[in-house]
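As annotated by Swiss-Prot, domain 'ABC transporter' applies to 7-237. As annotated by Swiss-Prot, ATP binding site applies to GLY39, PRO40, SER41, GLY42, CYS43, GLY44, LYS45, THR46.
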Amino acid sequence: MSNNDFLVLKNITKAFGKAVVIDNLDLTIKRGTMVTLLGPSGCGKTTVLRLVAGLENPTSGQIFIDGEDVTKSSIQNRDICIVFQSYALFPHMSIGDNVGYGLKMQGIGKEERAQRVKEALELVDLAGFEDRFVDQISGGQQQRVALARALVLKPKVLLFDEPLSNLDANLRRSMREKIRELQQRLGITSLYVTHDQTEAFAVSDEVIVMNKGKIMQKAPAKELYLRPNSLFLANFMGESSIFDGKLENGVADINGYSVPLKDAAQFNLPDGECLVGIRPEAIYLAAEGSDAQRCEIKSAVYMGQPLGKWLQTGRGKDLLVNCKPEGF
């Protein structure tokens, strides 16, 4: 491990009875970065977070935080905080007491506690909310209180367990921007779990896609989307239309239609049978053109920006294309 490797999981396996849910997983998160675990339901992402937190014990393998082996350490001794989906706030306590609860358990004096609570609430744009109660604030504000409660402890590692799932679309967008801003400003090493790809892309330095207890690919969002390393990733990361083709000298032939692959040489793609994935935004509709494939519109769905249209090629394959709403 290098000095910059802050959170490290080595050869982690987790089994419940005979069911192996995490299969010999290796994971490294650099100091001060945020990494998101993304994947289909049941892929093991939440189990990984629980293992890091100390809420579950691995069947085998080791977990290191800042160079220290914490595999057998309790959650209290890992210097970790978790922001939950459910907020987990105490309704009988004021906002200030909720945020300061962990400090009180650590024996921090009243005066210092009040100052740190004040600073934490200012960080999440809730200055002056100390004396309010949970039922007096909105869901988005409650999630910011939960975030302040974690930040006030200044943990080595901050964990997020699908924290925005209970919020509406606009609140999710503003909260993910706030989470990313604070994580970068404070430099807290963070592990984030979500099923929302947009959310994962927005908050992360790197995204890890999991499936069946294994890491399928770890990369920045742009690389994951544009250069998936498998058919599973191509289908999972956004919409794709997948065609059988044959590659020769950087050009894929799809049933007689030629598609130049500009990255073929860079990645030393061999000639021969291949699968070609085409993103909806890479296709343009036109009445005619020299480089066009004749298609028939099967259906159109208005989604605001953009509009989705399902086309059928002359060879019977379905193709999804995005276009502007005025073309509806």
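Backbone N, Cα and C define each Cβ position, glycine as well.
Remember, it's a predicted structure, so these values are computed and weren't measured experimentally.
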Residues near GLY39 (ATP binding site) in space but at least six apart in sequence (CB under 8 A): LYS45, HIS195, VAL209, MET210, ASN211, MET216, PHE236
Cβ within 8 Å of the mean position of the Cβ atoms of GLY39, PRO40, SER41, GLY42, CYS43, GLY44, LYS45, THR46: remaining residues of the chain near ATP: HIS195, MET210, ASN211
For the domain 'ABC transporter' (7-237), mean pLDDT (0 to 100): 95
Per-residue Cβ crowding (10 Å cut-off), top of binding-site residues SER41, THR46: THR46
Which of GLY42, GLY44, all binding-site residues, has a Cβ with the fewest other Cβ atoms inside 10 Å: GLY42
Where CYS43 (ATP binding site) falls in three-state DSSP terms: coil
